[in-house]
Amino acid sequence: METPTQNVNETTVDLGQEKEKEAAQEEERATAAKETIIDIPAACSSASNSSSYDTDCSTASSTCCTRQGEHIYMQREAIPATPLPESEDLGLLKYVHRQHWPWFILVISIIEIAIFAYDRYTMPAQNFGLPVPIPSDSVLVYRPDRRLQVWRFFSYMFLHANWFHLGFNIVIQLFFGIPLEVMHGTARIGVIYMAGVFAGSLGTSVVDSEVFLVGASGGVYALLAAHLANITLNYAHMKSASTQLGSVVIFVSCDLGYALYTQYFDGSAFAKGPQVSYIAHLTGALAGLTIGFLVLKNFGHREYEQLIWWLALGVYCAFTVFAIVFNLINTVTAQLMEEQGEVITQHLLHDLGVS
């Protein structure tokens, strides 16, 4: 009788253990059925999807997947926005920068034509090609003996010797100045032009200290040199850089060649009118090149261009400061010598008994 009792007890224990196991499994299933957040890569079609995952691959930030009755929310990595290609950005910049109207070049050309026409109308009648007799006491002409009248360093650009002189400068500054102003704006081209005019009178006052100066050639050559600066800065982003460079070189070569011929080989050039001021041309070009590197827009921003910027600033400041100091010293010295000369003359006259 002991054996059946023992079997019943063992069966009862086995049934209790099976119930406990079933309860534990149900708890595990209930825990596994809860929502779980996991991170997965952005690509849903990778090889990891072969492990019984049914995934709805979409562009949403999260995706609901099922695996054996489990609901799993998979967090998808955010896909960064694709930036616009560099060519499209550059095209947009060029479109924006080409909205400038060439106000400065047009206005300054009209003023120069109007002043020359007024001088031509008020002067005595003469042949069309002969130079207009500009009075030496004009408030606009640059005079080395009146350096303290600072406006003369700029105002001489409104006066021209004849129609050919005026027409030549107007045509060149329209042809080369308008494209620059359309791309870079009125303020930048105005600064370059006026810097060339100022440099032309400064350079002439240092080298040819007895020359009276008229004409806008300093500003014109500043625009030509600014084209070289623009090509250097933005060559890779220009469609016709080689054409522009060739046109500048051809014009400068022809102008210098004609100027050299009229001065050294054409004996009648002196009778035709005032001579060309090479110093005003050269110093105007130097100012246009250096100021062009400083103020023109740069679409490339390469590393070595920062060195060019500082070099251009140093060259322009050095020449400008030297010329200004030279003019101040020369002016003060001339005034002192004039005063001392008058004193010495008075003493001589007094010693001779004249006064």
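From the backbone N, Cα and C atoms, a Cβ is placed for every residue, glycine too.
So that you can see what the record holds, here are the features copied from TrEMBL:
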type	residues	note
REGION	1-32	region 'Disordered'
COMPBIAS	1-14	compositional bias 'Polar residues'
COMPBIAS	16-32	compositional bias 'Basic and acidic residues'
TRANSMEM	101-118	transmembrane segment
DOMAIN	149-297	domain 'Peptidase S54 rhomboid'
TRANSMEM	153-178	transmembrane segment
TRANSMEM	190-207	transmembrane segment
TRANSMEM	213-233	transmembrane segment
ACT_SITE	SER217	active site, nucleophile
TRANSMEM	245-264	transmembrane segment
TRANSMEM	276-296	transmembrane segment
ACT_SITE	HIS281	active site
TRANSMEM	308-329	transmembrane segment
Cβ contacts under 8 Å made by the transmembrane segment (276-296) with residues that lie 6+ beyond its boundaries: 180, 184, 188, 191-192, 195-204, 207-208, 211, 213, 215, 217-226, 228-230, 232-233, 255, 259, 262-263, 308-309, 312-313, 315-316, 319
SER217 (active site, nucleophile) and HIS281 (active site), distance between Cα atoms, whole Å: 6
Chain residues outside the transmembrane segment (190-207) and at least six past its termini with a C-beta under 8 angstroms from it: 104-105, 108, 142, 144, 147, 152-154, 156-157, 173, 177, 180, 213, 216-223, 225-226, 277, 279-288, 291-292, 295-296, 316, 319-320, 322-324, 326-327, 330
Tertiary contacts of the transmembrane segment (101-118) (same chain, 6+ residues out, Cβ under 8 Å): 132, 140, 157-160, 163, 166, 169-170, 173-174, 177-178, 181-182, 186, 189-190, 193, 216, 219
Protein Cβ atoms within 10 Å of HIS281 (active site), excluding its own: 24
Cβ neighbour count (within 10 Å, all chains shown) around the residue listed as 'active site, nucleophile': 27
